[in-house]
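Visitor: Quick paste of what Swiss-Prot says about this protein:
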type	residues	note
TRANSMEM	15-35	transmembrane segment
TRANSMEM	50-70	transmembrane segment
TRANSMEM	81-101	transmembrane segment
TRANSMEM	103-123	transmembrane segment
TRANSMEM	136-156	transmembrane segment
TRANSMEM	168-188	transmembrane segment
TRANSMEM	209-229	transmembrane segment
TRANSMEM	246-266	transmembrane segment
TRANSMEM	273-293	transmembrane segment
TRANSMEM	301-321	transmembrane segment
TRANSMEM	333-353	transmembrane segment
TRANSMEM	364-384	transmembrane segment
């Protein structure tokens, strides 16, 4: 009995450590969102040019997820994770010392390489290490780590950057990763790869119209969100004329509202995923259209951020449920593809946002983001009527 409780405790500790790792990996992807103005200032560049760093990072992750998954498919998982963390930490140290913008971009590419492999193996590892009968909870812990990065990671990164300089944000993430690595080394057993590394399931997945439709929806809606979200910090300061501190508060509110979205989805997501996703996309569309009108009043912006945060969290979780429901037989490859496609959207949104800021005006980012959001809303209503699939159809309850 004692051994069993100890092993359950250790199993949960392993999963929690992975969730913390997920938090750290996601925090670093989005940390620059809150630091664009500061980084631009120190290199004498425009924020829109610095924003290209987000696009490069996201597209490296998107391009490398599948190739790296195949290259590392035979590697023992514990050793692979340790190697990833060493690359991740070393790249953050380079970010800290970056003596030019080019060096900063190179350091970010190193981090993106580690990120691409990490996300292609994490869900499968969480499932393997979960206590018996607790796979769903283990996956939801990883999702929580990811979600919390949006909630607290970005604002905390921004606060550190405001008070100690943006370089300290990257150093702090590197130190957090070092502590997590120490825990992983202590807790993880040897984990031989169980993944065949075969791409045989790819053509099968792409022959599933429901899944392909969800992938298309993902890239369009994520592009819409990141067109505006990537530049929210300079928008608040230059267009709304509010302080840097207010930008931090707004990022905290937007992220914190994600918790409400997560709770709502937890209660209703399995049975009503389709309806919830469509409502959330409609809400995102409204927020993007109202971004500029709301910018003349700080309270209006705060209220808008709450709805925006709820919407984007429901969309992110909903897309994952749809992918898992459409590919219960190939979750590894399907989720790796999902991560890649999500990152294509992040990169595209950041790119569109930077071009709008450079060639139109930063004030227009909400309106331009609303165009793909409207397309996503129409597409979601079409595909969910055609394929009303939910996770429950594939995963009967096990008591």
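Including glycine, each Cβ sits where the backbone N, Cα and C put it.
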Visitor: Counting only residues 6+ away from its ends, which parts of the chain sit with a Cβ under 8 Å from the transmembrane segment (15-35)?
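Guide: Sequence-distant neighbours of the transmembrane segment (15-35): 50-51, 53-54, 57-58, 61, 85, 88, 92, 111, 114-115, 118-119, 122, 125-126, 129-130, 138, 141-142, 144-146, 148-150, 153-158, 161, 166, 169-170, 173, 176-177, 180, 183-184, 187, 229-230, 232-233, 247-248, 251, 346.
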Visitor: For the transmembrane segment (273-293), which recorded stretch in the set 50-70, 103-123, 333-353, 364-384 gives the largest number of Cβ pairs separated by under 8 Å?
Guide: 364-384
Visitor: Name the range, of those listed as 81-101, 103-123, 168-188, 209-229, 301-321, that has the largest tally of Cβ pairs under 8 Å with the transmembrane segment (333-353).
Guide: 209-229
Visitor: Between the transmembrane segment (301-321) and the transmembrane segment (50-70), do 3 or more CB pairs sit under 8 angstroms, pairs being 6 or more residues apart?
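Guide: Contact criterion not met.
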Visitor: Between the stretches 81-101, 103-123, 168-188, 301-321, which one has more Cβ pairs under 8 Å with the transmembrane segment (209-229) than any other?
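Guide: The listed stretch sharing the most Cβ pairs with the transmembrane segment (209-229) is 301-321.
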